[in-house]
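> Dropping a structure here in structure tokens format, bear with me for questions.
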């Protein structure tokens, strides 16, 4: 997709991208806080209890109270911990999600019929870039586990590594399948090309494989073997407390938000609205991004609901599911996607 930009706007592009980047960081942080609240309230509804309701209207200020609690807790460090690894691990975990945000559009606006994606930058290989930098968080997890000098933390990190190695392969194959059918590795082009023909209907098998692999990549139930409380206390994050724990916890929720955006952009049509024609500036700014956010919230609710619907798998079951079930399905979907792409002339 090529957008013709007037010459007088060209010098302002770096400033606009910087402002958009700062705004997106704030929006994603607020979205992660909203995801925490949504999970607690939805989990409470599933379990027929009230959930957060004491601090603020509908418990909305409970997150502020939790943040104050974490800020005021003492920052403890194990006696035999490696200070360099232990203190800097959060940089990799937060850096991973922020690097994803650079190429991930969180919406689009239509001005005079021209589409302007809300992204810091557009890359021709943005899908591969996002998948690559999302894997950097494993370095932070290993730094925490090894630097903590704790057997439970290290075992949790080993489980995380075994899971990620298995599920990154089918995840990558499904991404390539979508790109092959669309004819582009640019996530903006993939979202725009769907129109009314969403990829979830053209590649239902690919959507299933991608979603399951994404759940494993995020470490959500039933794939949270790296921090299963009954076996490993808190897994790789056992020795973290205070804001160190808070930042690691927060990075997981930001990752979940960005993963939901990926599902919506790759398979649910992105910001495309059925029957919507961007001939009005006001609706062209509000409607597409709002529709994408609705899809993201829906995906979040599915992820949260599965936590209470599916039991945790054993680590051997997780590995078998990846290599023996999802990988063949991903390859089958790739053949289907290539054939469909040739038929559609991608």
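Each residue, glycine too, has its Cβ placed from N, Cα and C.
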> For the record in Swiss-Prot, which of the ranges 221-241, 284-304 is the transmembrane segment one?
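That would be 284-304, the stretch labelled transmembrane segment in Swiss-Prot.
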> Do you know which of 68-88, 257-277 Swiss-Prot annotates as transmembrane segment?
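The listed stretch tagged transmembrane segment in Swiss-Prot is 257-277.
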> Examine the transmembrane segment (170-190) against the transmembrane segment (326-346) and state whether at least 3 Cβ pairs sit under 8 A, considering only residue pairs 6 or more apart.
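These two segments touch.
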